[in-house]
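The feature [4Fe-4S] cluster binding site is assigned by TrEMBL to A:C346, A:C406, A:C409.
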Amino acid sequence: MNQPKTIIEKIWDNHVVHQEEGKPDLLYVDLHLVHEVTSPQAFEGLRMNDRKVRRPDLTFATMDHNVPTIHRNVIKDAISKKQMEKLEENCEEFGVSLADIHHPDQGIVHIIGPELGLTQPGKTIVCGDSHTSTHGAFGALAFGIGTSEVEHVLSTQTLWQSPPQTLQVKVNGKLGTGVTAKDLILAIISKFGVRFGTGYVMEYTGEAIRDLSMEERMTICNMSIEGGARAGLISPDEKTVQFVEGRRHAPKGEDFEQAKQEWLALATDEGATYDSTVEIDADEIEPQVSWGTNPSQCVPVSAKVPDPDEVEDDSDSVRRALEYMGLEPNQPIESIELQHVFIGSCTNSRLADLRKAASIVEGRTVHEGIRAMVVPGSFAVKQQAEEEGLDKVFTEAGFEWRSAGCSMCLGMNDDIVPPGEHCASTSNRNFEGRQGNGARTHLVSPEMAAVAAIEGHFVDVRKYDQLVKG
Amino acid sequence: MEAFVKHTGLVYPLNRTNIDTDQIIPKQFLKRIERQGFGKFLFYNWRYDDDGNLRDDFSLNYPEYEGASILIAGENFGCGSSREHAPWAIQDYGFRVVIAPSFADIFYSNCFKNGILPVPLSGEEVQQIIEHAEKETYHLIVDLKSQKVYDENGWSASFEVSEYHKNMLLNGWDEISVTLNYEDAISAFEASRD
């Protein structure tokens, strides 16, 4: 009988082009996603060396980081404009498909991959973007790469990679009502830290993970990198297969039936072992809010900001973070005054996220002094949301309703948080200056962001449900 | 790529943990389409005030660290975004070596593509170097062949690096040229899956 294997080992073994003692493996890449920010220097490298894109058919480009989310034709920033034009030129010259700013397939690269059915179980997927880990939700081995590696993949369709260590993140039990996938991943990173996954590929397992929808699984895998893991994935099951079926780039007919069997067989075998395992109980997790300047610095909404004099280690980092965030030790999370709410990003801008936020916002009004915006993850998400009338729900409450892009997650376009102001954000990083120089980011779920927009400060969404029903 | 064999340089200590690539090079500088010229934006929000003047309270701006070429910092250096603009900025500023107790995976591999040697040392060794470099002008010699870091007073430490990365840096190889030698294997792999 064959040795039981993890999905990570199975996908790896299926993609080794060349193996040699003393070298990493030469690994084949099935799908290369490209965007405007991390690709211009790679294409320029090809041009300088008179090289081609080896597999334009396995390469797919879009524009997301820089794009304006209000008026599509008004790109105020000349350098942003140039970067987008460069991508158009490069895709044209090298024969790569591009969903440009006016294309109906445009969106955040990690939202459109799954939407178009490009993302499939068992694939190796790379992109010059650390949140490529998102695609791991489908049981794909997906990870972010640098621009030199982008050039390498464009030219050779491969990467030199050492086999990773495997880490099981086992989530026992069930998430409580009102506790979301975002709270789960924040709680995982809060418990194990921002580097517990370094050097590993993670596989999320356990009952709570199986219970998650595909959208929720994407939220989990998206933030693997915030725990240090270049990739995080979830073994495929019937939910995975159903999500992919019928999408434009998914196999059709008999091919699909065959693919389905292969995909399901990728799941980690009973008895397979991991290099390491960590465990967390889902039923103990509460809605989370980040208070600091890295994603591990978060606490339950009912808790207080920590006191640097009382933490066990790295009190300097806590002190620095509180200073940057303008927070007092022991300040209750619910007392933090907010000025901005951002619902968007590759973590939480899918239709399911917007529906959940809208269900809270419906019939209510954004709190005075709050600027709130919703930025759908893709053109398709926007369109579907509008068909369902979600845009009206948001705009009638006082939210701004924008076009698709990365937007305020990293403020490369005009959507930024001014210095010293606090933002409840459904994005993935609360680093210093991430949403704008001096901006103070609090990472939360879409549900928590929606409640915060209405109330002007953080409120436990579970209590809010009761208030509303009562 | 510029080869890296042995380097002697002034140490700049930045005693912070989890320095993310957003701090190394903030997003507003990622719009450029060139590989060069990022050095002046290194640690931009820490180095410059709101008016764009150098801050005199950030240590990299201290005159004693002018010309530093060895950067040393706390654990998990280079976490966050995959932006290769981070090593470009570090290299363009004049650093050839980054020492830390641990590095984020993507940043670590990005360094080797740009002639920068990331050197993992123990937390204790890193603290020794940081304290020394904070107190007085401190030079280190970093030798990739022997995988050693040492000073003129007999202090030394060893570090790990894979044979693959080591050879790549020692020879300054262009990785794509190396891989193109395996084109037959790549084609055969593709054919086997059709």
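Glycine residues also receive a Cβ, built from the backbone N, Cα and C atoms like all the rest.
TrEMBL annotations: computationally assigned, not manually curated.
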Query = For A:C409 ([4Fe-4S] cluster binding site), what is the secondary structure state per DSSP, taken as helix, strand or coil?
reply = helix
Ask   = Around A:C409 ([4Fe-4S] cluster binding site), which residues of its chain at least 6 apart sit with Cβ under 8 Å of its Cβ?
value = A:F342, A:G344, A:S345, A:C346, A:T347, A:S425, A:S427, A:N428, A:R429, A:R434, A:Q435
Query = Which residues, in sequence order, are found in the same chain with Cβ within 8 Å of the centroid defined by the Cβ atoms of A:C346, A:C406, A:C409 at the [4Fe-4S] cluster site, excluding those residues themselves?
reply = A:D64, A:H65, A:I108, A:H131, A:G344, A:S345, A:T347, A:S349, A:G405, A:S407, A:L410, A:S427, A:N428
Request  = Could you work out which of the binding-site residues (A:C346, A:C406) has its C-beta surrounded by the smallest number of other C-beta atoms within 10 A?
outcome  = A:C346
